[in-house]
Amino acid sequence: MKVLWALLVVTILAGCRAEVQPELEVQAPAGWQSGQPWELALGRFWDYLRWVQTLSDQVQEELLNSQVTQELTVLMEDTMKEVKAYKSELEQELGPMAEDTKARLSKELQAAQARLGADMEEVRNRLAQYRGEMQAMLGQSAEELRARLASHLRKLRKRLLRDAEDLQKRLAVYRAGAQEGAERGVSAIRERLGSLVEQSRLRAALTSQPLHERAQAWGERLRGRLEEVGGQARDRLDEVREQMQEVRAKMEEQAEAFQARLKGWFEPLVEDMRRQWSDLVEKVQVAVRASTAAPSENH
């Protein structure tokens, strides 16, 4: 009997010791500090919640004026927005994956995403409830309310961490499926291109002789066409040369006619001037003879 009482006392003391030992801090994964944008956003939410859990004087003050809940709302919305953006990015890379596999992965991922959102929503609601309780103080001390809130926040942080890691794993599976599908798509494209190249080579080998013959025929037609055009050009050049000769002959004829007309105009005038000049010279000569004859008679 004494042995049973001793065991009971030891058990009770061990339980009390376990209760007073501080609970280990829940640590966030290292990837939340340098991972995808949604992980970075979740890390900011986690760090802010860890600061709130200290329940310092500043936290108490901001809890009472709803600043904490407002900040958590912004961080929560940023996190869920980044999760949706990353999920959409992965969905665009799931083209070659089977539709049933894609639907199953998408459904599981959507459920994990909803659980994470519900966890963050519960954290915000619990803090809002604490603010209301502190303002009402219905038969409870502030110390009791803070202790109960701290305990509840520890549980919520554990649940948040668990659901966040679950979402992280499912996103990793989703991404692996996208990469595998993309690799299969690239392999299929490579095989298709190889087949097309081989078909092109075979077609070129089969059609090389007819192509050569068609090229020769085309060259002959082109040569004949060039000769025809050259003959037409030479004929046209001869025609232009004849027209130029005709024009030159007409211009020479017109020049001769104009010269004859000018000659007809000026010859009478020149003849009249010559006659007048002869008359003038003759008159001068007569006058000179008359003047030389007069002195001789006086002697």
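Including glycine, each Cβ sits where the backbone N, Cα and C put it.
Swiss-Prot lists region 'LDL and other lipoprotein receptors binding' at one of the ranges 53-63, 152-162, namely 152-162.
Within the set 14-26, 40-52, 261-273, the record from Swiss-Prot flags 261-273 under the feature region 'Specificity for association with VLDL'.
For SER141 (phosphoserine), the count of additional Cβ atoms within 10 Å of its Cβ stands at 9 [all protein chains shown].
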